[in-house]
Structures are given as C-alpha cells and as structure tokens.
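K.L.:
Following this message is one structure expressed as structure tokens.
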Amino acid sequence: MKSKKILIVGAGFSGAVIGRQLAEKGHQVHIIDQRDHIGGNSYDARDSETNVMVHVYGPHIFHTDNETVWNYVNKHAEMMPYVNRVKATVNGQVFSLPINLHTINQFFSKTCSPDEARALIAEKGDSTIADPQTFEEQALRFIGKELYEAFFKGYTIKQWGMQPSELPASILKRLPVRFNYDDNYFNHKFQGMPKCGYTQMIKSILNHENIKVDLQREFIVEERTHYDHVFYSGPLDAFYGYQYGRLGYRTLDFKKFTYQGDYQGCAVMNYCSVDVPYTRITEHKYFSPWEQHDGSVCYKEYSRACEENDIPYYPIRQMGEMALLEKYLSLAENETNITFVGRLGTYRYLDMDVTIAEALKTAEVYLNSLTENQPMPVFTVSVR
C-alpha cells in the first residue's frame, strides 16, 4: 500500500490515537495543534510551587468497560489503581455521591436497609408524573422533592445555566441512586490514573518516527490540498468559519489557590447549593495518592456560557443547537478527504475511553477504505 500524507488537526486523544495507528502502517502523519502543548483538555503538568500534578483543564479520571481501550492505555502508561469518591457539601453537611445507602440514611436521619431505602425512595418519588419530559420531572419522579432540591437542582442550574425544567429528561437517564454503601463514582470494570500523567501517556502515543507534531499552529483550510486525507478534531462550526453562527457550549473557569497541608481531604467536593457560585473544588494531589506532598493545589470550578475566546467544554445539544448542527452537517457531508472526529469535531460529550475507542475505529475504517479503494466517510460515528 502506498504511503499516504495525513494531516491531523488536534493533538488530544483523538488525533494522537488516529495518528499512531496510521503511522504504524507506514503513513506519514503531520499533527498540528493551536495550543502550546499536546493532550488537549486532558493535559496535566506539575505545579511549579508544590510539584503536585495538576489536571489543568479539570479532573480527568480514566474509567471504562472496554478491555481493548484499557489494554491500549496500559501500553502507553503505567496505570495506577484509582477510585473516584466524590463528596458533596449540602446544607452544612458533607455527603457521599452518587446518592447511596449512606447518603440516604444520613440525609433522612434513618438506618434503612437496602429494601427499606428502596421503599422510602419509591414513596418520595412523585408517581403522578407518568411520562417525565424534563430533567426536573425525571428527578421528582425518581427521587422526590427533597433529594432533588438538595443534590440536583442548584448544581444543575450552575452547571448548565438553565432551569432543570428547561432541560430534557434524557440528561438524567436512570435512577441516580444506589441501595448499598458503594461510593465508587463509576460503575466501570477498569479504573485508574496514569502514574506519570496524561501528557506523558499521549507523548508516548505520539512517539513514532512517522509522526511529526507542530504546536501553536493554526489550521488553514487551504492546506488540505497538500495531504491525502485530513482528520479534524477541532470545532465543527469553526471549520466553516462559524458561517451559520456558533454551536452552544458551556465553558469552565478555574480559580487556583494553594494550601499548606490538606484543604478538603478528598479529590472532588461538589457544592450543590445555587448560593455558592462554584460547582466544585478539586484538590489535585488526591488524584495521585501514591505521591506525598506537603503543599496542595486546588481549583474552584465555575461553569458559564462559552463565548468567542473561551475553551469549549460541554456541548449543549438543545433543540436550537441541534437545528444549527444540522446546517453544519449538511455542509460537512458533502466534503471529501476529510473526517471529523472527537468531542469538538462531532459536537458530542465524550469520555476519554469512548474518544480512544472511536479513534481506533476511525483509523481502522480509514485503513480498510484504502485496502478496498472506497471513499472514507466524513463521520465514522452517528452525530445526530
């Protein structure tokens, strides 16, 4: 097979994994990124004052049920055992999340067994809501007014900048309650943290003789003609110069502060009350429990609407955005020799494991398209 010249826009997980897969098959891969570092939003770095490893763009915990993906990251990093145990400050008390038997008993001042807790939550739920349409209705139906208002209402307003009565029920897909004392935030089979950080992991993925990386480099659409194929992991609307307007995202602001000793005793503390302006405080040294640090680095995290010069984090995907997305998809689907990938390229919220799985699949589809002399699709996943 003749070696192809590949341009990849973005040096996060999507771009790095696709690039590595194609480089290993002998293709010449050029990866560019407008930032001054690799890793996208999973970038981490040592704090100069405390030497704590900081998740610069907010907490990233690796969790998956996909064994192929787990094996892949273990090839490029030593994965340390890590369980994400989130706490929440509500009405002057600290509770465990997700809501579990301990949370229920503490909140209602009871000593329920699992079956008693099930009965209690069923009794609290609003059974008159037969077909919940909104986030609020879904929560009231599932868990009732007290737990909803304590743990979900204020936090959701801060996170999304909207009333829960304006958000779709699908955001709260299933009963967010456990009737045991399990306080592991994730249900996945494989969970961990790269011992030397995500930046080092992605550096390992990019370490191949057929990969060239240029940082602080903007993508110029006209450059496409110099390459056989482009994989674009930047924002879909940006690719088209925002000609129909900007797709809606939430962005995050982080207020960093340092502390001597332990600030909060856990990695993540949610603040559920709408009266507290931030959504959570992250204490970064708790993401690396195998290390010892006297000092501590903390982030207060604030969520707001993403504006022109902000970093887009969470795609909103409400009705208005989906109509706008459709316009951009109608442009994209007429393209040739380009594939839109990743969180920004497909306007979907993706965890790291899904991003890697989709990148592996995309590379496979491209290699197969070459073998079979078929056109490469513009999207390798469903984006609607």
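Glycine is no exception: its Cβ is also placed from the backbone N, Cα and C atoms.
Here Swiss-Prot flags SER14, ASP33, GLN34, ASN41, HIS60, ILE61, PHE219, ARG343, LEU350, ASP351, MET352, ASP353, VAL354, THR355 as FAD binding site. Here Swiss-Prot flags ASN84, PHE151, THR156, TRP160, TYR185, ASN270, ARG280, TYR314, TYR349 as UDP-alpha-D-galactose binding site. What Swiss-Prot lists as signal peptide is 1-23, and the listing cites sequence analysis.
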K.L.:
Among ASN84, PHE151, THR156, TRP160, TYR185, ASN270, ARG280, TYR314, TYR349, the annotated UDP-alpha-D-galactose contacts, find the widest CA pair distance and round it to a whole Å.
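P.N.:
This binding site's residues have a maximal Cα-Cα distance of 23 Å.
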K.L.:
Short question: which residues 6 or more past the ends of the signal peptide (1-23) have a Cβ under 8 Å from it?
P.N.:
29-33, 35, 38-42, 72, 202, 205-206, 208-211, 213, 215, 219, 223-224, 226-234, 341-345, 352, 355-356, 358-360, 362-364, 366-367, 370-371
K.L.:
Taking the binding-site residues one at a time (MET352, VAL354), which has its Cβ surrounded by the most other Cβ atoms within 10 Å?
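P.N.:
For the binding-site residues MET352, VAL354, the Cβ with the most other Cβ atoms within 10 Å is MET352.
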K.L.:
Could you measure the widest C-alpha to C-alpha distance across SER14, ASP33, GLN34, ASN41, HIS60, ILE61, PHE219, ARG343, LEU350, ASP351, MET352, ASP353, VAL354, THR355, the residues recorded as binding FAD, and give it to a whole number of angstrom?
P.N.:
30
K.L.:
Taking Cα atoms as reference points, rank the binding-site residues ASN84, THR156, TYR185, ARG280, TYR349 by distance from SER14 (FAD binding site) and give the first.
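P.N.:
Given the candidates ASN84, THR156, TYR185, ARG280, TYR349, the nearest one is TYR349.
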K.L.:
Show which residues of the chain containing GLN34 (FAD binding site), separated from it by at least 6 in sequence, have their CB under 8 Å from its CB.
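P.N.:
For GLN34 (FAD binding site), the qualifying residues are GLN216, ARG217, GLU218, PHE219, GLY234.
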K.L.:
Let me know the DSSP-derived helix, strand or coil state of ARG280 (UDP-alpha-D-galactose binding site), please.
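P.N.:
For ARG280 (UDP-alpha-D-galactose binding site) - judged by DSSP and reduced to three states - the answer is strand.
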K.L.:
List only the single closest residue to ARG280 (UDP-alpha-D-galactose binding site), chosen from the binding-site residues HIS60, LEU350, MET352, VAL354 by CA-CA distance.
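P.N.:
Nearest candidate: HIS60.
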K.L.:
What's the number of neighbouring CB atoms sitting within 10 A of the CB on ARG280 (UDP-alpha-D-galactose binding site)?
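P.N.:
The answer is 25 other Cβ atoms.
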